[in-house]
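Visitor: The structure that follows is given in the form of structure tokens.
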Amino acid sequence: MKILVLAGDGVGPEVTGQAVRVLQWFAQNRNLDLRLTERDFGMTNWQKHGTLMPDETWEQIQAADAILFGATGSLDQAAVIPPEERRKGSLLRMRKGLDVFANMRPVKMQPALAEGSPYKPRVTEGVDLIFVRELTAGMYFGTPRGVETLPDGTRRGVNTHTYTEAEIRRAVRFAFELARSRRNHVTSVDKANVMEAGALWREIAGAIHKEEFPDVGFEHMLADNCAIQLARNPTRFDVLVTDNLFGDLLSDAAGAIIGSLGMLPSASLSAPDAQGRRRALYEPIHGSAPDIAGKGIANPLGSILSVAMMLRWSANRPEDAALLEKAVEGALAKGARTADIASPGEAVVSTSGMGDAVIAALENAAR
Ligand SMILES: NC(=O)c1ccc[n+]([C@@H]2O[C@H](COP(=O)([O-])OP(=O)(O)OC[C@H]3O[C@@H](n4cnc5c(N)ncnc54)[C@H](O)[C@@H]3O)[C@@H](O)[C@H]2O)c1
Ligand SMILES: CC(C)[C@H](C(=O)O)[C@@H](O)C(=O)O
Ligand SMILES: [Mg+2]
């Protein structure tokens, strides 16, 4: 597998470093044929090359079987880099360029973290849901967009929420197919009561259910109601499919259930090509976390669990994926806690200490 590692800004390199260690463990111990290439992404590129995205990096992105991404975003960036350069070097360009429309964001409660969650254990016990967030359309990419000056000299910001039938269809179909491999239930989330694009989303999702997946349990839900259902009764969900913006917000909110944003992985896939291969981007859902960057305290489990998703979806190694997920569970069960998931009074490990704990659990399982 040709894997391109783009660790990026802030805590990106810290957490990605641990995920790469785990990948190397699989290369050394489980015959994973790994060809790793690393490139800078974000501010480091700007400082070295005067561009956020050198052409050579873009070529590497196109050529990789899978990309392991860390995080992007720095306050300096917004201040010094022109908007067109920021667009050229952005994560959004990469997502759109690779056409990775299906963004899976699993949220699975770790039994060992029941006390670390801000929610009561009776709410979090058994939570095992997954978002399919449409990632390449909607509010993030719709036109017209920009800031215009009105005749009275004041300004107006404009973004446009657009979805074509085809964009809705492929995301919703992906969710139904995924549900068949899980607990066979899909919740489609929209604002059909307010937005035309939401009403179209609802119509298409309903039709796909009826015509192609009548065997799968299905419901529509308004996005605001979904926010409270996620907090009150998250075990009711299996697969949630939603648009780009709602998926961004609701998946962060669901991160609170398991205690920290640092725990959540993601995988973004394109449609398969003629050989059945999908373009693939793996990243924790959190950002560059400037408040904790450079201290060696970030939680690397979102990035490490993204490697598990890579093993499942790009390497076609479900057993290795399960082994890694078990190792993460084992490390937590043994008490490894970064600061974000520690309960008061619990001992805390560093980012690399959590990496050590996962590798030790892998060694244990492999014995
Ligand atoms: N995929 C990405 O690269 C991505 C995602 C979200 C935000 N961002 C960018 O990151 C920058 C900071 O944004 P933000 O602060 O709103 O969101 P953030 O996700 O970076 O951080 C939100 C909170 O979660 C904590 N957190 C995040 N990751 C953690 C980890 N691994 N371990 C422990 N705690 C963790 C942070 O300390 C912070 O308190 C912005 O420039 C934003 O655009 C990038
Ligand atoms: C960094 C930002 C563009 C990104 C998004 O909004 O999609 C992030 O918040 C995410 O959830 O991956
Ligand atoms: Mg987000």
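Yeah, the Cβs are placed from backbone N, Cα and C, and that goes for glycine too.
Source: prediction; values computed, not measured.
According to TrEMBL, the protein has these features:
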DOMAIN    2-358  domain 'Isopropylmalate dehydrogenase-like'
BINDING   ARG95, ARG105, ARG133, ASP224  substrate binding site
SITE      TYR140  site 'Important for catalysis'
SITE      LYS191  site 'Important for catalysis'
BINDING   ASP224, ASP248, ASP252  Mg(2+) binding site
BINDING   GLY287, SER288, ALA289, PRO290, ASP291, ILE292, ALA293, GLY294, LYS295, GLY296, ILE297, ALA298, ASN299  NAD(+) binding site
Visitor: Please check each of the recorded positions ARG105, TYR140, ASP248, GLY287, ALA289, ASN299 and report the ones with a CB atom less than 6 Å from an atom of ligand 3, ordered along the sequence.
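Guide: List returned for ligand 3: ASP248.
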Visitor: What does the structure give for the C-alpha distance between GLY287 (NAD(+) binding site) and TYR140 (site 'Important for catalysis')? Integer Å is fine.
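Guide: Spelling it out, the Cα of GLY287 (NAD(+) binding site) and the Cα of TYR140 (site 'Important for catalysis') are 17 Å apart.
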Visitor: Running a distance check here. Ligand 1 versus the binding-site residues ASP248, GLY287, ALA289: which have CB less than 6 Å from one of its atoms?
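Guide: Those binding-site residues that pass the cut-off, since their Cβ is under 6 Å from ligand 1, are GLY287, ALA289.
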Visitor: Checking proximity to ligand 2 here: which binding-site residues out of ARG133, ASP248, LYS295, ILE297 have their Cβ closer than 6 Å to it?
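Guide: Listed by sequence, the hits are ASP248.
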Visitor: Please give the maximum pairwise Cα distance, in Å and rounded to a whole number, for the NAD(+)-binding set GLY287, SER288, ALA289, PRO290, ASP291, ILE292, ALA293, GLY294, LYS295, GLY296, ILE297, ALA298, ASN299.
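Guide: Per the listed residues, the maximum Cα distance equals 15 Å.
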Visitor: Which entry in the list of binding-site residues, ASP248, ASP291, has its Cβ near the fewest other Cβ atoms, using 10 Å as the limit?
Guide: ASP291
Visitor: Average pLDDT across the domain 'Isopropylmalate dehydrogenase-like' (2-358)?
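Guide: Summarising the domain 'Isopropylmalate dehydrogenase-like' (2-358) by its mean pLDDT gives 95.
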Visitor: In sequence order, what residues of the same chain, 6+ apart, have a Cβ less than 8 Å from the Cβ of TYR140 (site 'Important for catalysis')?
Guide: LEU92, ASN244, LEU245
Visitor: If you skip the near sequence neighbours and keep only those at least six away, which residues in the chain come within under 8 angstroms of ALA293 (NAD(+) binding site), Cβ to Cβ?
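Guide: For ALA293 (NAD(+) binding site), the qualifying residues are ASP9, GLY10, VAL11, GLU14.
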Visitor: Give the distance between the Cα atoms of ASN299 (NAD(+) binding site) and ASP252 (Mg(2+) binding site), rounded to the nearest whole Å.
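Guide: For ASN299 (NAD(+) binding site) versus ASP252 (Mg(2+) binding site), the Cα atoms are 15 Å apart.
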Visitor: Can you grab the distance from ASP291 (NAD(+) binding site) over to ASP252 (Mg(2+) binding site)? Cα atoms, rounded to a whole Å.
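Guide: About 17 Å separate the Cα atoms of these two residues.
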